[in-house]
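Database features (Swiss-Prot):
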TRANSMEM  58-78  transmembrane segment
TRANSMEM  122-142  transmembrane segment
TRANSMEM  145-165  transmembrane segment
TRANSMEM  177-197  transmembrane segment
TRANSMEM  239-259  transmembrane segment
TRANSMEM  268-288  transmembrane segment
TRANSMEM  304-324  transmembrane segment
TRANSMEM  333-353  transmembrane segment
TRANSMEM  358-378  transmembrane segment
TRANSMEM  423-443  transmembrane segment
TRANSMEM  455-475  transmembrane segment
TRANSMEM  517-537  transmembrane segment
Amino acid sequence: MIFISIIGLLLSNAVTLRQDMSVNFNRIALIDLIYCILHDTMSLSIINKGIGLHGGLLHITNITLIFHIFIFFLSILILQLTSFYPRKAWIPEHSSLKDIIYQKFLNYRTKIFNKMGEHMKIIEYPLILLFVISGAVFLMSTNDLVSIFLSIELQSYGLYLLSTIYRNSELSTAGGLIYFLLGGLSSCFILLGTSLLYINSGTTSLDGLYILNSISDVKDGAADMPALTSWYKSYYLNFALLVFSIGFLFKVSAAPFHFWSPDVYDAIPTIVTTFVAIIAKISIFIFLLELVYHTNNYLSEFSWTYLLLISSLFSLIIGTVVGLTQFRIKRLLAYSTISHVGFILLALSGCSIESTQAFIFYLIQYSISNLNVFIIIITIGFSLYGYITTNKEYKDLLDKNNSPIQVISQLKGYFYINPLLSLSLAITIFSFVGIPPLVGFFAKQMVLSAALDNGYIFLTLIAILTSVIGAVYYLNIIKKIFFYLPDHSINPSIGEFLFKKGLIFEAGDFKGRITLISSPFSITISIITLVILLFIFMNKEWLSMGTILVQVLFSN
């Protein structure tokens, strides 16, 4: 169905240049993704332990199907940011036709209603998103080295295009170029690892690699079997997998391969950052889960998964320490992501039932929480279009149309402008910190408990310390929002215009109720925030799903 929509959007883009049709194209993509969710949900009951497709190039399991649905769901939430207008006008009851016309004219004159940035005018946007989603879905289900590279490149090239699709933005173009060049470097590592795997195994099938790895693993524990120990060395595949995994760690911005992500996140528009920071990582982590499960060497002295532990250590330290010095909000979120990637890698490297369950749960909850933060930041930017600021530093910011909120100090005193939105952001940030009873606390508890069970005592201590230190830059955001007076004030020209036209009773009465956040934005933020806040009352459903997925994986 995704391919049918891609073909339809390609044909539509070829015959029309109307930029106002972009919203309709986005809604078509939304309908397509909803259909994909329904189709995959119906397929869950017949998959059982897995189905091979196209001669073994793809392998569909219940875990991959669940995360297909999860990616489709998150993509719908991201795509609705450009499928519905972010603001709606408030018009007094019993208004005359004349007053309504004046109100509409006011909204367009002050650019409150139609100041959407370029993201509402690019008709190629949903098309590229569907290409990225296709690559992510294929990557999670791939079972061959060739299809792995094709899938990761399909996903990556779509993200490069998304990063540079805002042609009038110099920052966006520069960020997309950095992403493209360094993403190409990571692809070189993947290709090098692929060639080493093929040279050492003679096959491109992952099933063949898993069999060879099992044989070499048994050989390392079979000192009394010289016939088995003479023909193959386990470090052949382990070294190849080590090089192979470096490329994927680069793409998920795990330290020490993280240096591209803060610059790229900060440069590209916030809506694109939402997609790059979330969807691109989920597919790679699920692929790495399958790879770690089938190639972890229990009897060998050296395993490529040691790289995951080293990367986890660096990610926890660098993401926390360097994040303390950040004052730009998207750079701060980039380092926050690096720190959370450290927790995910710590759970991934354990390869036990408990650690895999912690990995799945942490990945799901962090993706949802991270999405909520980005949606709230985008919504705050939309809500401040009717305000002006006295701070001259904000006037020097570049690309304010596509990234209205760029520095943390822009959130100063926002609680006095929109208390409910501020509380939603605070709850999500407290979940990042790991404060009980929010969902982030239970996720970190599961990861640390699984790490202790696997004997990673030092890494567990580092994770606890970095969580405490990382709370400093999270609480700095809370302090700016709640404990400072706002720098923003109502645009006086709006109040004067309203007063002259008789739309309100006194000048300066323009408030947030005049331009409300649209219903899709409000509903999305409200539901995600309630899930984060009330997880303690519905934890059985989440944990049961993770347990079932782990049992399916370990029963294969």
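Every residue, even glycine, has its Cβ placed from backbone N, Cα and C.
Here the transmembrane segment (423-443) sits against the transmembrane segment (517-537); at least 3 CB pairs are under 8 Å, leaving out pairs fewer than 6 apart in sequence. The list of residues near the transmembrane segment (239-259) in space but at least 6 beyond its ends in sequence, with Cβ under 8 angstroms from a Cβ of it, reads 152, 156, 182-183, 185-194, 196-197, 199-200, 280-281, 284-285, 287-288, 291, 295, 304, 307-308, 311-312, 314-315, 317-319, 334, 337-338, 341-342, 345. By the Cβ criterion (under 8 Å, sequence separation of 6 or more), the transmembrane segment (304-324) is not in contact with the transmembrane segment (145-165), since fewer than 3 such pairs are found. Within its own chain, the transmembrane segment (517-537) has Cβ neighbours under 8 Å at 77, 80-81, 83-88, 365, 368-369, 371-372, 375-376, 379, 382-383, 421, 423-424, 427-428, 431, 437-440, 442, counting only residues six or more beyond its boundaries.
The largest share of C-beta pairs under 8 angstroms with the transmembrane segment (58-78) comes from 268-288, of the ranges 145-165, 177-197, 268-288, 333-353. Sequence-distant contacts of the transmembrane segment (122-142) (same chain, at least 6 residues past either end, Cβ-Cβ under 8 Å): 2-3, 5-6, 9-10, 12-13, 16, 18-19, 21-22, 25-26, 28-29, 32-33, 53, 57-60, 64, 67-68, 71-72, 75, 78-79, 82, 148, 150-159, 161-162, 165-166, 206, 275, 279-280, 282-284, 286-287.
Residues 57-58, 122, 124-125, 128-129, 131-132, 134-136, 138-139, 172-173, 175-177, 179-180, 183, 187, 190-191, 194, 197-198, 204-206, 248, 251, 264, 268, 272, 275-276, 280, 283-284, 287 of the same chain sit 6 or more residues outside the transmembrane segment (145-165) yet have a Cβ under 8 Å from a Cβ within it.
Most Cβ pairs within less than 8 Å of the transmembrane segment (333-353), among stretches 177-197, 268-288, 455-475, belong to 455-475.
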